[in-house]
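Peer 1: According to Swiss-Prot, the feature phosphoenolpyruvate binding site maps to LYS22, ASN23. What Swiss-Prot lists as UDP-N-acetyl-alpha-D-glucosamine binding site is ARG92, ASP305, VAL327, and the listing cites sequence analysis. Per Swiss-Prot, active site, proton donor is recorded for CYS116, and the stated evidence type is sequence analysis. Annotated 2-(S-cysteinyl)pyruvic acid O-phosphothioketal per Swiss-Prot: CYS116, in sequence order.
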Amino acid sequence: MDKIVIRGGKKLKGEIVVSGSKNSALPILFATLLTDDPVMITNVPSLTDIDTAIAFLNFIGKKTVKEGNTVKAYSSYKYKHIAPYDLVRKMRASILIMGPLLVRLKRIEVSLPGGCAIGARPVDIHLAAFKKLGAKISVKGGYVKTSAKNGLKGATISFRVPSVGATENILLTAVLAKGKTIIKNAAREPEIEDLANVLTKMGAKVMGAGTKNIEIEGVDKLHGFMHEVIPDRIEAATYLIAAAITKGGVILKKVIPQHLKSVNDKLKKCGLCIKETKNTISAEWVKNLKPQNVKTEAYPGFPTDVQAQWMSLMCLLNGESCIEENVFENRFLHVSELQRFGADITVNGKTVNIKGVKEFSGAPVMVSDLRAGAALVLAGLAAKGKTVVSRIYHLNRGYDMLEKKLKKLGADIRIIHN
(Lines of atoms letter the chains of each structure in order from A and count residues from 1; the text may use other names and numbers.)
(Lines give C-alpha, C1' and ligand atoms only; values in the text may rest on other atoms or scores of the structure.)
Protein backbone atom coordinates (compact mmCIF):
# COMPACT_ATOMS: atom_id res chain seq x y z
CA MET A 1 0.00 0.00 0.00
CA ASP A 2 1.37 3.43 -0.99
CA LYS A 3 2.50 5.84 1.72
CA ILE A 4 3.48 9.49 2.02
CA VAL A 5 6.70 10.35 3.85
CA ILE A 6 7.09 13.91 5.12
CA ARG A 7 10.01 15.56 6.87
CA GLY A 8 8.36 18.56 8.42
CA GLY A 9 9.41 21.93 9.73
CA LYS A 10 9.81 23.73 6.40
CA LYS A 11 7.98 26.98 5.69
CA LEU A 12 5.89 26.57 2.55
CA LYS A 13 6.31 29.42 0.08
CA GLY A 14 5.41 29.90 -3.56
CA GLU A 15 2.60 29.86 -6.09
CA ILE A 16 0.22 27.11 -7.19
CA VAL A 17 -2.73 26.87 -9.55
CA VAL A 18 -5.88 25.53 -7.92
CA SER A 19 -7.37 22.52 -9.71
CA GLY A 20 -10.95 22.17 -10.88
CA SER A 21 -13.55 21.21 -8.30
CA LYS A 22 -14.19 17.50 -7.92
CA ASN A 23 -17.53 18.21 -6.27
CA SER A 24 -18.54 20.24 -9.30
CA ALA A 25 -17.08 17.98 -11.98
CA LEU A 26 -18.86 14.83 -10.77
CA PRO A 27 -22.49 16.03 -11.15
CA ILE A 28 -21.57 17.71 -14.44
CA LEU A 29 -20.22 14.39 -15.72
CA PHE A 30 -23.51 12.71 -14.83
CA ALA A 31 -25.39 15.54 -16.58
CA THR A 32 -23.95 14.25 -19.87
CA LEU A 33 -26.47 11.39 -19.60
CA LEU A 34 -29.25 13.91 -20.27
CA THR A 35 -28.22 14.45 -23.91
CA ASP A 36 -27.07 12.41 -26.89
CA ASP A 37 -25.10 15.36 -28.28
CA PRO A 38 -21.32 15.69 -27.88
CA VAL A 39 -20.08 17.57 -24.81
CA MET A 40 -16.71 18.90 -23.66
CA ILE A 41 -15.79 19.66 -20.04
CA THR A 42 -12.49 21.39 -19.21
CA ASN A 43 -10.55 21.98 -15.97
CA VAL A 44 -11.46 18.49 -14.76
CA PRO A 45 -9.07 17.33 -12.00
CA SER A 46 -7.12 14.07 -12.23
CA LEU A 47 -8.54 12.06 -9.34
CA THR A 48 -9.63 8.49 -8.71
CA ASP A 49 -13.23 9.64 -8.15
CA ILE A 50 -13.22 11.22 -11.61
CA ASP A 51 -11.79 8.02 -13.11
CA THR A 52 -14.51 6.04 -11.35
CA ALA A 53 -17.23 8.32 -12.71
CA ILE A 54 -15.89 8.03 -16.26
CA ALA A 55 -15.72 4.23 -15.96
CA PHE A 56 -19.27 4.34 -14.63
CA LEU A 57 -20.51 6.38 -17.60
CA ASN A 58 -18.84 4.05 -20.09
CA PHE A 59 -20.36 1.04 -18.34
CA ILE A 60 -23.82 2.62 -18.47
CA GLY A 61 -23.41 3.26 -22.20
CA LYS A 62 -22.08 6.82 -22.50
CA LYS A 63 -18.83 6.92 -24.47
CA THR A 64 -16.61 9.14 -22.32
CA VAL A 65 -12.86 9.83 -22.55
CA LYS A 66 -10.47 12.03 -20.55
CA GLU A 67 -7.40 13.61 -22.11
CA GLY A 68 -5.41 15.70 -19.65
CA ASN A 69 -7.90 17.93 -17.87
CA THR A 70 -10.52 17.70 -20.63
CA VAL A 71 -13.38 15.21 -20.75
CA LYS A 72 -15.36 14.53 -23.92
CA ALA A 73 -18.58 12.53 -24.04
CA TYR A 74 -20.17 11.38 -27.26
CA SER A 75 -23.44 9.95 -28.56
CA SER A 76 -24.81 7.23 -26.35
CA TYR A 77 -25.26 3.55 -26.83
CA LYS A 78 -28.34 1.99 -25.33
CA TYR A 79 -28.15 2.83 -21.63
CA LYS A 80 -28.08 0.08 -19.04
CA HIS A 81 -30.62 0.52 -16.25
CA ILE A 82 -28.60 -1.26 -13.53
CA ALA A 83 -25.71 0.35 -11.64
CA PRO A 84 -23.89 -2.53 -9.88
CA TYR A 85 -22.32 -2.61 -6.43
CA ASP A 86 -18.76 -3.00 -7.75
CA LEU A 87 -18.93 0.48 -9.30
CA VAL A 88 -21.23 2.27 -6.87
CA ARG A 89 -19.33 1.18 -3.74
CA LYS A 90 -16.27 3.16 -4.80
CA MET A 91 -17.88 6.59 -4.77
CA ARG A 92 -20.80 8.13 -2.94
CA ALA A 93 -21.56 10.57 -5.77
CA SER A 94 -22.65 7.60 -7.90
CA ILE A 95 -26.12 8.10 -6.40
CA LEU A 96 -26.38 10.99 -8.91
CA ILE A 97 -26.82 8.42 -11.67
CA MET A 98 -30.39 7.90 -10.47
CA GLY A 99 -31.91 11.16 -11.65
CA PRO A 100 -30.68 11.25 -15.27
CA LEU A 101 -31.38 7.55 -15.91
CA LEU A 102 -34.78 7.61 -14.21
CA VAL A 103 -35.98 10.54 -16.29
CA ARG A 104 -34.63 9.02 -19.53
CA LEU A 105 -35.22 5.28 -19.05
CA LYS A 106 -38.17 5.50 -16.64
CA ARG A 107 -36.50 2.85 -14.46
CA ILE A 108 -33.18 2.39 -12.66
CA GLU A 109 -31.63 -0.02 -10.17
CA VAL A 110 -28.75 1.42 -8.14
CA SER A 111 -26.74 -0.26 -5.42
CA LEU A 112 -26.56 1.76 -2.21
CA PRO A 113 -23.46 3.99 -2.50
CA GLY A 114 -20.05 3.97 -0.82
CA GLY A 115 -17.52 6.77 -0.22
CA CYS A 116 -15.88 8.13 2.91
CA ALA A 117 -16.70 6.51 6.24
CA ILE A 118 -17.78 9.70 8.01
CA GLY A 119 -21.12 8.83 9.52
CA ALA A 120 -24.68 8.89 8.29
CA ARG A 121 -25.07 10.39 4.84
CA PRO A 122 -28.59 9.12 4.15
CA VAL A 123 -30.06 8.70 0.67
CA ASP A 124 -33.62 8.89 2.01
CA ILE A 125 -33.77 12.60 1.11
CA HIS A 126 -33.13 11.67 -2.54
CA LEU A 127 -35.73 8.91 -2.51
CA ALA A 128 -38.44 11.01 -0.87
CA ALA A 129 -37.90 13.69 -3.53
CA PHE A 130 -38.16 11.15 -6.36
CA LYS A 131 -41.46 9.96 -4.89
CA LYS A 132 -42.72 13.55 -4.97
CA LEU A 133 -42.00 13.58 -8.71
CA GLY A 134 -44.08 10.43 -9.17
CA ALA A 135 -41.52 7.62 -8.93
CA LYS A 136 -42.18 4.28 -7.29
CA ILE A 137 -39.34 3.05 -5.09
CA SER A 138 -38.38 -0.16 -3.35
CA VAL A 139 -35.18 -1.17 -1.55
CA LYS A 140 -34.22 -4.83 -1.70
CA GLY A 141 -30.96 -6.74 -1.50
CA GLY A 142 -28.87 -3.58 -1.20
CA TYR A 143 -30.37 -2.09 -4.37
CA VAL A 144 -32.74 0.85 -4.79
CA LYS A 145 -35.25 0.06 -7.54
CA THR A 146 -36.95 3.15 -8.94
CA SER A 147 -39.51 3.37 -11.74
CA ALA A 148 -41.75 5.96 -13.39
CA LYS A 149 -43.65 4.19 -16.17
CA ASN A 150 -45.78 7.23 -16.92
CA GLY A 151 -42.92 9.68 -16.66
CA LEU A 152 -42.12 12.23 -13.96
CA LYS A 153 -44.11 15.34 -13.15
CA GLY A 154 -42.94 18.52 -11.48
CA ALA A 155 -43.71 19.05 -7.82
CA THR A 156 -42.81 21.19 -4.83
CA ILE A 157 -40.08 19.49 -2.80
CA SER A 158 -39.02 20.70 0.64
CA PHE A 159 -35.76 19.29 2.01
CA ARG A 160 -35.52 18.89 5.80
CA VAL A 161 -31.84 19.82 5.47
CA PRO A 162 -30.12 21.54 2.51
CA SER A 163 -28.59 18.39 1.00
CA VAL A 164 -26.08 19.05 -1.77
CA GLY A 165 -26.45 15.62 -3.36
CA ALA A 166 -30.25 15.65 -3.24
CA THR A 167 -30.39 19.16 -4.70
CA GLU A 168 -28.14 18.02 -7.55
CA ASN A 169 -30.11 14.84 -8.14
CA ILE A 170 -33.43 16.66 -8.39
CA LEU A 171 -31.91 19.30 -10.67
CA LEU A 172 -30.68 16.50 -12.94
CA THR A 173 -34.16 14.97 -12.93
CA ALA A 174 -36.56 17.91 -13.00
CA VAL A 175 -35.03 19.50 -16.12
CA LEU A 176 -36.68 16.76 -18.24
CA ALA A 177 -39.78 16.18 -16.08
CA LYS A 178 -43.16 17.60 -17.12
CA GLY A 179 -44.10 20.93 -15.61
CA LYS A 180 -42.56 23.02 -12.86
CA THR A 181 -40.51 21.75 -9.93
CA ILE A 182 -39.73 23.93 -6.92
CA ILE A 183 -36.96 22.91 -4.52
CA LYS A 184 -37.30 24.54 -1.10
CA ASN A 185 -34.41 24.64 1.39
CA ALA A 186 -32.07 23.80 -1.48
CA ALA A 187 -28.31 23.62 -1.00
CA ARG A 188 -26.60 26.89 -1.96
CA GLU A 189 -23.05 25.68 -2.64
CA PRO A 190 -21.11 27.10 -5.62
CA GLU A 191 -21.09 23.60 -7.09
CA ILE A 192 -24.90 23.77 -7.33
CA GLU A 193 -24.63 27.00 -9.31
CA ASP A 194 -22.01 25.45 -11.58
CA LEU A 195 -24.29 22.49 -12.34
CA ALA A 196 -27.22 24.85 -12.97
CA ASN A 197 -25.07 26.85 -15.40
CA VAL A 198 -24.31 23.65 -17.32
CA LEU A 199 -27.97 22.64 -17.44
CA THR A 200 -28.88 26.12 -18.69
CA LYS A 201 -26.28 25.79 -21.46
CA MET A 202 -28.00 22.51 -22.38
CA GLY A 203 -31.33 24.30 -22.78
CA ALA A 204 -32.82 23.74 -19.33
CA LYS A 205 -34.87 26.38 -17.53
CA VAL A 206 -33.41 26.77 -14.04
CA MET A 207 -33.91 29.81 -11.83
CA GLY A 208 -32.63 30.57 -8.34
CA ALA A 209 -29.62 28.25 -8.14
CA GLY A 210 -27.42 29.48 -5.30
CA THR A 211 -30.46 30.49 -3.22
CA LYS A 212 -32.70 28.53 -0.87
CA ASN A 213 -35.42 28.14 -3.50
CA ILE A 214 -34.81 26.79 -6.99
CA GLU A 215 -37.41 26.64 -9.77
CA ILE A 216 -37.08 24.29 -12.73
CA GLU A 217 -39.41 24.27 -15.72
CA GLY A 218 -39.12 20.94 -17.53
CA VAL A 219 -38.24 20.85 -21.23
CA ASP A 220 -38.58 18.11 -23.84
CA LYS A 221 -34.93 17.79 -24.86
CA LEU A 222 -31.45 18.95 -23.88
CA HIS A 223 -28.44 19.48 -26.15
CA GLY A 224 -24.65 19.38 -25.87
CA PHE A 225 -22.42 21.90 -24.12
CA MET A 226 -18.90 23.15 -23.44
CA HIS A 227 -18.01 24.13 -19.90
CA GLU A 228 -15.04 24.90 -17.64
CA VAL A 229 -15.36 23.50 -14.12
CA ILE A 230 -15.03 26.03 -11.28
CA PRO A 231 -11.91 25.95 -9.04
CA ASP A 232 -11.87 23.64 -6.01
CA ARG A 233 -12.55 25.82 -2.96
CA ILE A 234 -11.71 22.99 -0.53
CA GLU A 235 -8.32 22.39 -2.13
CA ALA A 236 -7.71 26.14 -1.99
CA ALA A 237 -8.64 26.28 1.70
CA THR A 238 -6.28 23.39 2.43
CA TYR A 239 -3.31 25.24 0.90
CA LEU A 240 -4.19 28.45 2.74
CA ILE A 241 -4.10 26.50 5.99
CA ALA A 242 -0.81 24.93 4.87
CA ALA A 243 0.68 28.43 4.70
CA ALA A 244 -0.63 29.22 8.17
CA ILE A 245 0.46 25.99 9.86
CA THR A 246 4.01 26.14 8.43
CA LYS A 247 4.39 29.90 9.05
CA GLY A 248 4.94 30.46 5.34
CA GLY A 249 3.20 32.19 2.46
CA VAL A 250 1.38 31.02 -0.65
CA ILE A 251 -0.27 32.59 -3.66
CA LEU A 252 -3.20 30.68 -5.11
CA LYS A 253 -4.02 31.30 -8.76
CA LYS A 254 -7.21 30.49 -10.64
CA VAL A 255 -9.42 30.66 -7.56
CA ILE A 256 -12.72 32.40 -6.75
CA PRO A 257 -12.20 34.28 -3.45
CA GLN A 258 -15.91 34.73 -2.69
CA HIS A 259 -16.27 30.93 -2.51
CA LEU A 260 -13.81 30.94 0.42
CA LYS A 261 -15.21 33.87 2.39
CA SER A 262 -16.08 31.89 5.54
CA VAL A 263 -12.62 30.31 5.69
CA ASN A 264 -10.74 33.50 4.83
CA ASP A 265 -12.68 35.49 7.42
CA LYS A 266 -11.59 33.03 10.12
CA LEU A 267 -7.98 32.99 8.93
CA LYS A 268 -7.92 36.80 9.03
CA LYS A 269 -9.24 36.73 12.60
CA CYS A 270 -6.42 34.33 13.46
CA GLY A 271 -3.99 36.95 12.19
CA LEU A 272 -3.00 35.50 8.81
CA CYS A 273 -2.38 38.21 6.20
CA ILE A 274 -4.73 37.52 3.29
CA LYS A 275 -5.03 39.57 0.11
CA GLU A 276 -7.47 38.91 -2.72
CA THR A 277 -7.85 39.87 -6.36
CA LYS A 278 -10.48 38.73 -8.84
CA ASN A 279 -8.94 35.26 -9.23
CA THR A 280 -6.03 35.03 -6.77
CA ILE A 281 -5.58 34.76 -3.02
CA SER A 282 -2.30 35.33 -1.20
CA ALA A 283 -1.79 34.22 2.40
CA GLU A 284 1.26 35.08 4.50
CA TRP A 285 2.19 34.37 8.10
CA VAL A 286 3.46 37.63 9.63
CA LYS A 287 2.87 37.10 13.36
CA ASN A 288 1.84 34.45 15.86
CA LEU A 289 -1.71 33.37 15.12
CA LYS A 290 -4.56 33.28 17.60
CA PRO A 291 -7.01 30.34 17.80
CA GLN A 292 -10.58 30.81 16.58
CA ASN A 293 -13.69 28.73 17.25
CA VAL A 294 -15.67 27.42 14.28
CA LYS A 295 -19.04 25.79 13.71
CA THR A 296 -19.49 23.87 10.48
CA GLU A 297 -22.59 24.78 8.52
CA ALA A 298 -24.06 24.48 5.05
CA TYR A 299 -22.73 27.04 2.56
CA PRO A 300 -22.13 29.95 2.96
CA GLY A 301 -21.12 28.85 6.47
CA PHE A 302 -17.80 27.28 7.43
CA PRO A 303 -17.46 24.07 5.35
CA THR A 304 -17.42 20.67 7.01
CA ASP A 305 -14.82 19.66 4.41
CA VAL A 306 -12.33 22.07 6.02
CA GLN A 307 -13.05 21.08 9.63
CA ALA A 308 -10.25 18.50 9.89
CA GLN A 309 -7.63 20.80 8.36
CA TRP A 310 -8.71 23.61 10.67
CA MET A 311 -8.29 21.30 13.64
CA SER A 312 -4.66 20.62 12.71
CA LEU A 313 -3.96 24.36 12.68
CA MET A 314 -5.75 25.05 15.97
CA CYS A 315 -3.71 22.33 17.70
CA LEU A 316 -0.54 24.39 17.17
CA LEU A 317 -1.82 27.83 18.21
CA ASN A 318 -1.29 29.16 21.72
CA GLY A 319 -4.60 29.06 23.58
CA GLU A 320 -7.85 27.12 23.53
CA SER A 321 -10.40 26.67 20.77
CA CYS A 322 -13.56 24.74 20.00
CA ILE A 323 -14.87 23.11 16.83
CA GLU A 324 -18.53 22.15 16.49
CA GLU A 325 -19.46 19.73 13.68
CA ASN A 326 -23.05 20.36 12.61
CA VAL A 327 -23.17 18.72 9.17
CA PHE A 328 -22.02 15.09 9.57
CA GLU A 329 -21.85 12.78 12.53
CA ASN A 330 -18.75 10.72 13.29
CA ARG A 331 -16.44 13.18 11.53
CA PHE A 332 -13.75 13.26 14.20
CA LEU A 333 -11.92 10.09 13.16
CA HIS A 334 -8.75 12.14 12.66
CA VAL A 335 -8.60 13.16 16.34
CA SER A 336 -6.85 10.00 17.52
CA GLU A 337 -4.30 10.34 14.72
CA LEU A 338 -3.59 14.00 15.51
CA GLN A 339 -3.02 12.95 19.11
CA ARG A 340 -0.18 10.77 17.86
CA PHE A 341 1.60 14.01 16.88
CA GLY A 342 1.08 15.34 20.41
CA ALA A 343 -2.23 17.20 19.98
CA ASP A 344 -4.29 17.96 23.11
CA ILE A 345 -7.87 17.33 21.96
CA THR A 346 -10.99 16.30 23.87
CA VAL A 347 -14.12 15.08 22.07
CA ASN A 348 -17.53 15.77 23.57
CA GLY A 349 -20.31 14.65 21.24
CA LYS A 350 -20.33 16.87 18.16
CA THR A 351 -17.78 19.23 19.71
CA VAL A 352 -14.01 19.08 20.18
CA ASN A 353 -12.05 21.23 22.62
CA ILE A 354 -8.46 21.95 21.72
CA LYS A 355 -5.57 23.20 23.83
CA GLY A 356 -2.72 24.40 21.67
CA VAL A 357 0.67 22.73 22.03
CA LYS A 358 4.08 24.21 21.26
CA GLU A 359 4.98 21.72 18.54
CA PHE A 360 4.14 18.44 16.86
CA SER A 361 6.51 15.48 16.63
CA GLY A 362 6.45 13.40 13.46
CA ALA A 363 4.60 10.10 13.74
CA PRO A 364 3.22 7.17 11.73
CA VAL A 365 -0.47 7.88 11.07
CA MET A 366 -3.35 6.34 9.13
CA VAL A 367 -5.94 8.10 6.96
CA SER A 368 -9.63 7.38 7.66
CA ASP A 369 -11.20 9.63 5.00
CA LEU A 370 -10.31 12.26 2.43
CA ARG A 371 -10.29 15.43 4.53
CA ALA A 372 -8.84 13.65 7.56
CA GLY A 373 -5.97 12.70 5.27
CA ALA A 374 -5.42 16.35 4.38
CA ALA A 375 -5.35 17.21 8.09
CA LEU A 376 -2.67 14.60 8.76
CA VAL A 377 -0.53 15.82 5.86
CA LEU A 378 -0.78 19.38 7.21
CA ALA A 379 0.22 18.15 10.67
CA GLY A 380 3.17 16.31 9.17
CA LEU A 381 4.31 19.41 7.30
CA ALA A 382 4.39 21.36 10.57
CA ALA A 383 5.83 18.58 12.74
CA LYS A 384 9.47 18.11 13.69
CA GLY A 385 10.94 14.96 12.25
CA LYS A 386 9.54 12.24 10.02
CA THR A 387 5.86 11.50 9.44
CA VAL A 388 4.59 8.48 7.51
CA VAL A 389 1.01 8.66 6.27
CA SER A 390 -0.61 5.38 5.20
CA ARG A 391 -3.87 4.59 3.38
CA ILE A 392 -3.29 7.58 1.10
CA TYR A 393 -5.72 6.26 -1.52
CA HIS A 394 -8.28 8.44 0.26
CA LEU A 395 -6.23 11.52 -0.66
CA ASN A 396 -6.10 10.44 -4.30
CA ARG A 397 -9.89 10.78 -4.37
CA GLY A 398 -9.84 14.53 -3.80
CA TYR A 399 -6.41 16.21 -4.14
CA ASP A 400 -5.01 16.63 -7.65
CA MET A 401 -1.19 16.43 -7.78
CA LEU A 402 -0.87 16.86 -4.00
CA GLU A 403 2.78 15.75 -3.80
CA LYS A 404 3.82 17.86 -6.82
CA LYS A 405 2.12 21.01 -5.54
CA LEU A 406 3.52 20.69 -2.03
CA LYS A 407 7.02 20.08 -3.41
CA LYS A 408 6.66 23.24 -5.49
CA LEU A 409 5.97 25.11 -2.25
CA GLY A 410 9.14 23.67 -0.71
CA ALA A 411 7.82 20.70 1.25
CA ASP A 412 10.02 17.65 1.85
CA ILE A 413 7.43 15.09 0.79
CA ARG A 414 7.49 11.93 -1.29
CA ILE A 415 5.24 9.02 -2.10
CA ILE A 416 6.55 5.51 -1.52
CA HIS A 417 4.92 3.04 -3.91
CA ASN A 418 4.53 -0.48 -2.59
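Glycine too: its Cβ is placed from the backbone N, Cα and C atoms.
The model shown is predicted, which means the values in this text are computed figures rather than measured ones.
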Peer 1: Within a 10 Å radius around the Cβ, which one of these binding-site residues has the most neighbouring Cβ atoms: LYS22, ARG92?
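Peer 2: That would be LYS22, with the most Cβ atoms nearby.
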Peer 1: Which residues, sitting 6 or more apart from ASN23 (phosphoenolpyruvate binding site) on the same chain, put a CB under 8 Å from its CB?
Peer 2: VAL164, GLU189, GLU191, ASP232, ILE234
Peer 1: I need the CA-to-CA distance for LYS22 (phosphoenolpyruvate binding site) versus ASP305 (UDP-N-acetyl-alpha-D-glucosamine binding site), whole Å please.
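Peer 2: Approximately 13 Å lies between the Cα of LYS22 (phosphoenolpyruvate binding site) and that of ASP305 (UDP-N-acetyl-alpha-D-glucosamine binding site).
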Peer 1: Test of understanding: give the count of other CB atoms lying within 10 angstroms of the CB of VAL327 (UDP-N-acetyl-alpha-D-glucosamine binding site).
Peer 2: 22
Peer 1: What is the Cβ neighbour count of ASP305 (UDP-N-acetyl-alpha-D-glucosamine binding site) at a 10 Å cut-off, with all protein chains included?
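Peer 2: There are 21 such Cβ atoms around ASP305 (UDP-N-acetyl-alpha-D-glucosamine binding site).
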